[in-house]
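Peer 1: Just dropping this structure here.
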Amino acid sequence: MKTLLIIDANLGQARAYMAKTLLGAAARKAKLEIIDNPNDAEMAIVLGDSIPNDSALNGKNVWLGDISRAVAHPELFLSEAKGHAKPYTAPVAATAPVAASGPKRVVAVTACPTGVAHTFMAAEAIETEAKKRGWWVKVETRGSVGAGNAITPEEVAAADLVIVAADIEVDLAKFAGKPMYRTSTGLALKKTAQELDKAVAEATPYEPAGKAQTATTESKKESAGAYRHLLTGVSYMLPMVVAGGLCIALSFAFGIEAFKEPGTLAAALMQIGGGSAFALMVPVLAGYIAFSIADRPGLTPGLIGGMLAVSTGSGFIGGIIAGFLAGYIAKLISTQLKLPQSMEALKPILIIPLISSLVVGLAMIYLIGKPVAGILEGLTHWLQTMGTANAVLLGAILGGMMCTDMGGPVNKAAYAFGVGLLSTQTYGPMAAIMAAGMVPPLAMGLATMVARRKFDKAQQEGGKAALVLGLCFISEGAIPFAARDPMRVLPCCIVGGALTGAISMAIGAKLMAPHGGLFVLLIPGAITPVLGYLVAIIAGTLVAGLAYAFLKRPEVDAVAKAA
């Protein structure tokens with residue numbers, strides 16, 4: 001029997017995921033097929049307080065059930081649903097709500113700077129809310145491994161609305177002319193229903209860069225500000241840093257100075273990591289900051305400006321300046337320079353690359369390069385020679401920032417700072433940043449085990465998932481707990497993260513790659529010292545986890561079951 005599963009988004013991401021997983025497994029045993037299209041369903045199971053007023057459910061057998069019972073006894077729950085589901089008739093007055101008057105076919109794109117957690121969590125939230133409204137939906141994830149669940153031209157043509165939940169600039173050319181609403185992954189994840197309502201009301205036709213755009217569309221794009229452009233550059237730079245850092249770590253595994261011997265494997269690994277990947281790091285950062293601002297016309301001057309930042313010694317700070325300068329100059333020329341129609345084709349090929357590259361290049365050589373190089377040299381010297389007290393303070397600040405909003409602007413600002421310092425061979429801050437970023441999900445997992453009676457069944461299962469995400473350095477694993485109880489979760493995590501960051505800096509921990517969590521330990525030399533680093537993570541996790549276990553108020557469901 002084809003069965004539609006509708007889960008109220010207000011029940012929370014963790015509980016919804018748990019129910020979906022358990023009922024899916026039980027459905028296969030009961031020979032039920034869980035589908036997404038309400039038009040093909042023979043039966044609909046609704047988990048929530050009420051059945052949605054949706055004409056798509058008319059005439060179908062519908063069963064309204066409790067999510068706690070579905071999680072605790074999924075097979076029995078499905079058996080009850082099959083036996084007691086009754087034909088449903090939507091109220092006449094409810095045949096024209098937002099879901100009915102709004103779009104029926106929605107395509108969406110999600111993307112975050114690292115392309116790991118927020119990308120997929122936002123996608124799941126959009127899918128859940130859209131299906132709850134009876135909409136057809138498909139979400140394309142622009143993750144770290146490229147586009148997943150790609151939207152086809154036919155699906156774009158049939159779509160009534162495009163939703164883009166992205167913290168970085170993404171290629172949206174295939175959606176030209178379609179009504180589009182843009183938001184962030186954070187809002188799409190935490191305020192899904194409100195964002196979908198706004199999408200229906202505020203979507204405007206999308207015009208790719210280079211074509212005429214309405215003032216509204218242009219102002220919305222600029223409202224994203226410098227932060228989004230910077231994160232776009234960081235997201236493209238990140239794989240380069242990871243690959244280069246791990247190659248350098250493998251080279252060091254043969255001996256700290258083994259790469260100095262020509263013709264050896266250690267020398268080859270150092271050439272790949274330090275001589276190539278790290279050499280391209282700043283140009284890629286600058287190039288894609290400019291790309292985010294001006295689209296393809298900004299890429300060439302951005303890459304050239306980034307390369308000059310390397311050659312002048314101004315490093316990642318110079319690269320950031322070059323990227324923004326190149327992007328805005330290229331955009332200015334593209335939008336303000338008017339040419340006869342016969343010469344318009346020369347703008348993207350000749351005029352924009354030449355003029356913008358000259359302006360950026362001369363500025364980097366004569367105005368920006370040397371002063372910024374002096375600033376970067378001073379910063380690097382201070383970081384490498386600072387005393388223990390300053391190191392502990394810096395580690396505590398960075399650690400606390402990583403736990404403040406778990407994947408939000410403050411978290412990403414600290415992360416971008418650490419990644420940028422890798423270009424100057426300063427590895428201490430990055431070690432503190434990754435260690436602290438692992439604390440929130442690990443602490444929530446620990447709390448659910450220490451104080452099991454204070455958490456309901458779904459939260460206990462969510463704690464197990466958070467432990468795995470924490471080991472992978474995915475701070476967002478703690479978001480379901482923080483969203484439910486922010487006044488207790490966030491202070492506990494910030495204190496634990498600050499402690500971890502402080503210990504990491506105090507022991508002089510170094511991290512060669514900016515991602516991967518504890519699995520980076522599998523690469524010899526990627527983290528040093530290993531034992532001290534583990535102690536730092538464990539200390540912060542214990543403080544945050546035990547503090548939250550003590551402060552946490554018991555859930556009503558958990559108290560009822562204990563009684």
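FYI, residue positions are counted from 1 along the chain as it appears here.
Here the Cβ of each residue, glycine as well, is placed from N, Cα and C on the backbone.
Grabbed the feature section from Swiss-Prot, which reads as follows:
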type	residues	note
ACT_SITE	Cys112	active site, phosphocysteine intermediate
DOMAIN	1-85	domain 'PTS EIIB type-2 1'
DOMAIN	104-201	domain 'PTS EIIB type-2 2'
DOMAIN	226-561	domain 'PTS EIIC type-2'
MOD_RES	Cys112	phosphocysteine
TRANSMEM	236-256	transmembrane segment
TRANSMEM	274-294	transmembrane segment
TRANSMEM	304-324	transmembrane segment
TRANSMEM	349-369	transmembrane segment
TRANSMEM	382-402	transmembrane segment
TRANSMEM	430-450	transmembrane segment
TRANSMEM	463-483	transmembrane segment
TRANSMEM	489-509	transmembrane segment
TRANSMEM	518-538	transmembrane segment
Peer 1: Near the transmembrane segment (489-509), which same-chain residues lie under 8 Å Cβ to Cβ, leaving out any that are not at least 6 residues past its ends?
Peer 2: 388, 391-400, 402-404, 406, 428-429, 431-433, 435-440, 443-444, 478, 481-482, 527-529, 532-533, 535-537, 539-545, 547-548, 551
Peer 1: When you scan the chain for residues with a C-beta under 8 Å from the transmembrane segment (518-538), skipping those not six or more beyond its ends, what do you find?
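Peer 2: Counting only partners 6 or more residues beyond its ends, the transmembrane segment (518-538) has Cβ contacts under 8 Å with 245-246, 249-250, 252-253, 431, 435, 438-439, 442, 471-473, 500-501, 503-504, 507-512.
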Peer 1: What number of additional C-beta atoms lies within 10 angstroms of the C-beta atom of Cys112 (active site, phosphocysteine intermediate)?
Peer 2: 29
Peer 1: Would you mind splitting the domain 'PTS EIIB type-2 2' (104-201) into helix, strand and coil residue counts from DSSP?
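Peer 2: Going through the domain 'PTS EIIB type-2 2' (104-201) residue by residue, I get 41 helix, 29 strand, 28 coil.
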Peer 1: Give the mean pLDDT for the domain 'PTS EIIB type-2 2' (104-201) on the 0 to 100 scale.
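Peer 2: Summing pLDDT over the domain 'PTS EIIB type-2 2' (104-201) and dividing by its length gives 84.
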Peer 1: Taking DSSP states H, G and I as helix and E and B as strand, how many residues of the domain 'PTS EIIB type-2 1' (1-85) are helix, strand and coil?
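Peer 2: Secondary-structure composition of the domain 'PTS EIIB type-2 1' (1-85): 43 helix, 19 strand, 23 coil.
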